[in-house]
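The block underneath contains the structure these notes are about, expressed in structure tokens.
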Amino acid sequence: MINISFPDGSVKQFEKNITAFEIAVVISTSLAKAAMIAEINGDLKDLSTQIDNDCRLRILTAKDPECLEVIRHDAAHLTAEAVKELFPETQVTIGPAIENGYYYDFARDKPFTTDDLAVIEAKMHELAKKNEKVTRELWDREKAVEFFKSIGEHYKAEIIASIPSNEPISLYRQGNFIDLCRGPHAPSTGFVKHFKLMKVAGAYWRGDSRNEVLQRIYGTAWATKEQLESYLFMLEEAEKRDHRKLGKELDLFHFQEEAQGMVFWHDKGWSVYNTIEQYIRRKIRKNGYIEVKTPVLVDKSLWELSGHWEKFRDDMFALETDDKTLALKPMNCPCHVQIFKQGIKSYRDLPLRMSEFGLCHRNEASGALHGLMRVRSLVQDDAHIFCAEEQITDETVSFCKLLTEVYKDFGFTDIKVKFSDRPEVRAGSSETWDKAENALKEAVEKAGYSYTLNPGEGAFYGPKLEFVLTDAIGRQWQCGTLQMDFVLPERLDASYVAASGEKKRPVMLHRAILGSLERFIGILIEEYAGRFPLWLAPVQVAIATITSDLNDYALEVQKALIESGVRVDINISPDKINYKIREFSNQKVPMIAVIGKQEKENKQVTIRRLGTTEQEVLSIEQLIEYIREENSKYI
């Protein structure tokens with residue numbers, strides 16, 4: 001007999017070699033009917049897995065989050081089965097689950113069309129309704145290679161031949177379809193109910209541009225109909241909010257082939273950029289930071305000392321001049337250490353909080369570039385805090401509070417924290433890591449945050465915190481970071497004189513709140529759907545006249561607003577007032593100042609706010625004072 005421990009703490013005895021599914025039947029027939037996979041000692045397994053030793057067991061259903069990836073993997077196999085039935089000449093390759101869905105790569109001479117996707121999806125529903133049994137089989141390697149070659153699946157044969165000889169060849173069969181896979185999978189195709197094929201794209205075999213191009217079908221799959229509909233609605237909303245689309249419509253920025261990954265900021269976009277920089281500058285000054293500016297182009301010798309040349313050389317832009325190799329900096333930290341090293345530093349100088357809006361360059365692959373979200377030239381709201389070990393907790397708490405304030409001002413209140421602790425390969429002693437991790441954990445808790453642990457995901461030089469924002473349509477964006485570093489001060493010989501008179505290495509805290517300004521602006525455009533709040537809007541007030549005889553007064557209002565620092569646009573053309581209002585509304589201007597005969601006589605304007613039909617009559621002075629008050633909260 002073997003002892004099986006269950007999540008409720010109970011322990012029951014069963015005969016050896018019983019399957020997880022058979023145990024589910026013993027527990028209840030309803031559980032057995034809903035069961036998808038089993039978790040045995042923390043590992044996900046098929047329900048058909050035989051258990052011959054004592055273990056911890058969970059029977060998982062579609063309600064358990066662990067099953068979502070299984071559903072998506074099952075959907076990938078279902079897609080491949082449908083394609084093979086409809087287009088038997090097609091070869092299958094790989095089909096993993098990914099975030100929010102899955103994909104499957106196919107080799108086929110004729111490209112899949114939108115109509116093909118609809119037919120494939122219909123076939124998938126047909127196969128799912130058949131509720132075909134899914135079974136796992138272990139094959140001999142040579143037999144598996146020969147089998148897949150014999151049915152014309154040369155890509156599968158190549159994959160199997162490349163699997164290490166000590167690994168079993170695991171195949172899954174459903175209906176007439178068989179695929180190479182580690183699993184686990186649900187016991188039948190009927191568990192895949194809520195899915196949709198999304199698009200077709202090209203993909204290189206094995207991700208190598210020297211290889212042939214395959215056709216990648218992307219799909220999404222969910223546990224419930226409501227989840228699928230919610231996701232599709234989010235995608236629809238995201239398309240409307242796409243920062244690339246809105247950037248063009250609102251005349252904020254553009255990209256072009258001659259400068260891939262580099263932003264051409266237009267006047268309005270540059271206004272948003274500068275306002276954010278001004279806002280951050282005000283915040284960091286209030287929090288005791290100094291601001292510096294370091295070179296963009298630095299000799300490779302510094303990058304060799306810091307270790308960046310070895311690790312990031314392929315992502316750096318370099319050039320040869322005067323028998324030297326110079327590189328555009330991909331990050332600011334080594335340069336900040338150079339400033340710290342100027343002059344003798346004492347413990348009284350710590351903590352030293354050094355910030356920079358640092359212009360960095362990274363040689364991203366052209367295929368990875370994505371509007372403002374992934375660029376080659378970027379500015380970070382970067383800072384490095386040089387401190388003593390005993391100051392780590394307080395500095396981290398202060399940073400968390402500052403970060404919370406900033407995110408709140410931009411409208412983000414749902415913030416999640418990920419804590420990445422020591423990796424297997426790391427610098428520094430276990431004692432040093434213990435201190436660092438405990439200091440970060442204590443600080444995060446003091447700042448009022450809970451966190452999820454990313455075991456082993458810290459950098460080799462120290463643990464880190466990642467701050468993740470949730471936007472208006474439920475997407476998550478990792479923006480802020482705090483990274484502890486024991487190594488760089490050592491490598492670049494940074495030191496301070498302790499109270500005892502001995503020379504010590506400072507701890508270096510790398511921290512950013514927004515990350516790259518370019519990416520954060522992209523996030524904001526999508527968060528606000530282009531409707532920037534008044535303090536941030538590139539045009540705060542648009543002036544529109546009802547008739548041309550009011551133009552002189554409109555220009556007078558414009559002059560007064562500009563002199564008061566208000567960002568203004570004006571339309572004194574002969575166009576009708578409704579057209580002017582509509583045009584300014586399409587440009588997402590938060591306040592439209594309408595000027596008619598009565599407004600001119602009373603030295604007033606009638607304010608219409610974006611998205612409402614309400615109107616408010618204000619004097620010029622009242623309007624200026626209102627905008628000043630709004631601005632003063634942020635900049």
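From the backbone N, Cα and C atoms, a Cβ is placed for every residue, glycine too.
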Same-site residue for Zn(2+) (record: Swiss-Prot; known: HIS384, HIS510; options: CYS333, CYS335, CYS479): CYS333
Least buried by Cβ count (within 10 Å) of the binding-site residues HIS384, HIS510: HIS510
Local confidence of the prediction over the domain 'TGS' (1-61), expressed as mean pLDDT: 95
Protein Cβ atoms within 10 Å of CYS333 (Zn(2+) binding site), excluding its own: 21
Additional residues around Zn(2+), ordered along the sequence, whose Cβ is within 8 Å of the centroid of CYS333, HIS384, HIS510: MET331, ASN332, HIS336, ASP382, ALA383, GLN483, ASP485, LEU488, MET508, LEU509, ARG511
The domain 'TGS' (1-61): DSSP-derived helix, strand, coil residue counts: 14 helix, 28 strand, 19 coil
CYS333 (Zn(2+) binding site) - helix vs strand vs coil (DSSP): helix
